[in-house]
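Here is the structure we will look at, set down as structure tokens.
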Amino acid sequence: MSKKNQSKADAHSFFSCIEKNFDKAARYLSIKKGLLEQIKSCNAVYRMHFPVKIGKEIQVIEAYRVQHSHHKLPCKGGIRYSIKVNQDEVMTLAALMTYKCAIVDVPFGGAKGGIKIDPQIISAENIEKITRRYTSELIKKNFIGPGIDVPAPDYGTGEREMSWIFDTFLSIRPGEVDALACVTGKPVSQGGVRGRKEATGLGVFYGIRELCKMKEEMLSVGLDIGLNGKKVIIQGLGNVGYHAATFFHEAGAIIVALAEREGAIYNKKGLNVSNVILHLKKTGSILNFPESKNIEDTEKALELECDILIPAALENVIHKHNANRIKAKIIGEAANGPVTPEADDILGKKGVLIIPDIYLNAGGVTVSYFEWLKNLSHVRYGRMEKRFSENMNTELLQVIETSCRKKIPIEEKKMILRGPREIDLVRSGLEDTMINGFHKIRDLKKSLKIENLRTAAFVLAINKIIDSYEKLGIFP
Ligand code: GLU
């Protein structure tokens, strides 16, 4: 381990970092200690080892599924494939899911899964074997099911893995009518919902856009209102970072730097995100992109001049050793846990506005909720109302045209007539969720005079969880 990583790892466990944030928030509430302990702790940790034949060898695979909270069921959260997976990490990510779901009013308890493998060096065939075996282990112990625990994609997994999980579940539980709802993030052709893939990145965009509309906050960091012309750096070009970058680019922000594992690229006039992706597909790396400067040490990209910094990869990338060198005025936590508590304090003192992960990256689970509902209702969004809305709109336009004695141009007419498609409904549901979530946190921050948005977000989450415990009558 490098000296730098050593000192990071020595500091605290990831779980205790989240507990610190929780404890700060608890000071604003008068809740019994035992109840706070119950909310904080992980309800169930399933650590497994199973053998998989890879080539001629048998390999023992280490994997986890952690259910952090059962206050609402099913539990919900992604599955991560990474060689760095460990129990502390999965427990922390599961806890973050609980708070995230509470903040955006998604009725799930938090969970997370992880398999300790490097998917970049394992063949697709072997990843399939491992995924299917992991799923059957979950089924054996009743750790998966539409009303029990519903996995989704995370770092290192995607639609492909989710469809293997679904297929394995269905083959072991044939005839289960709600089987499609046992996992979300599936391909649309296999019961997925339109708009799930880009949901986390789009949610990140909506959340930061909302903050940038606030006069008071923008004034505090010396920025103009709106996204147009704002300089943005994105770390991580996976599913979340890539989509976030695309939405910011389309909204007129200037993407000055993009960072990946192998290094970063920089152009103060802005990078064209879709061209960078084409370059990445062609060469296997973002480096040497035309009209940009290479930055070999990818961590250095976080320290470049910009207005908005979006860490969209892994945890703990902003820590006490680099926090002082961060120049961004706004940090949008697209990843889970990218800022350590020490860094959070340093940045807070510098006046940096941090939009916390437990709110900002909740777009993924929000649209997963829509997918789960779609699977349970067995009907595509918009199927019932699309034609009805179109007929209503046609009649309305006819009345307007006759009474105004004026014809509406055909192109405008088409726009107004169109009934909602699944993607329209999913995106508007996501936009509404992200805007409402932001204002609930901001209002709470103001009314209780809370020091920052993260603590306010935790206060909101704790309040919501307490509410549902009270409704269950467990803690009168
Ligand atoms: N892995 C995503 C997250 O961290 C999505 C979870 C889900 O959709 O259940 O929020």
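Keep in mind that glycine also has a Cβ here, set from the backbone N, Cα and C atoms.
Within 10 Å of the C-beta of LYS100 (substrate binding site) there are 29 other C-beta atoms, taking all protein chains into account. Look at TrEMBL and you will find LYS76, LYS100, SER368 tagged as substrate binding site.
Residues or ranges marked as active site, proton donor in TrEMBL: LYS112. Secondary structure at LYS112 (active site, proton donor), taken from DSSP and collapsed to helix, strand or coil, is strand.
For ASP154, the entry in TrEMBL reads site 'Important for catalysis'. For ASP154 (site 'Important for catalysis'), other Cβ atoms within 10 Å of its Cβ number 26.
Using a 10 Å Cβ-Cβ cutoff, THR200 (NAD(+) binding site) registers 31 neighbours. Feature annotation from TrEMBL assigns NAD(+) binding site to THR200, ASN239.
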List the Cα distance (Å, whole number) between LYS76 (substrate binding site) and ASN239 (NAD(+) binding site).
19
Quick one: of ASN239, SER368, which of the binding-site residues has the smallest count of other CB atoms within 10 A?
ASN239
Counting Cβ atoms within 10 Å of each candidate's own Cβ, which of the recorded positions LYS76, LYS112 comes out highest?
LYS112
Do you know which of the recorded positions LYS76, LYS112, ASP154, ASN239, SER368 end up with C-beta under 6 Å from ligand 1?
LYS76, ASP154, SER368
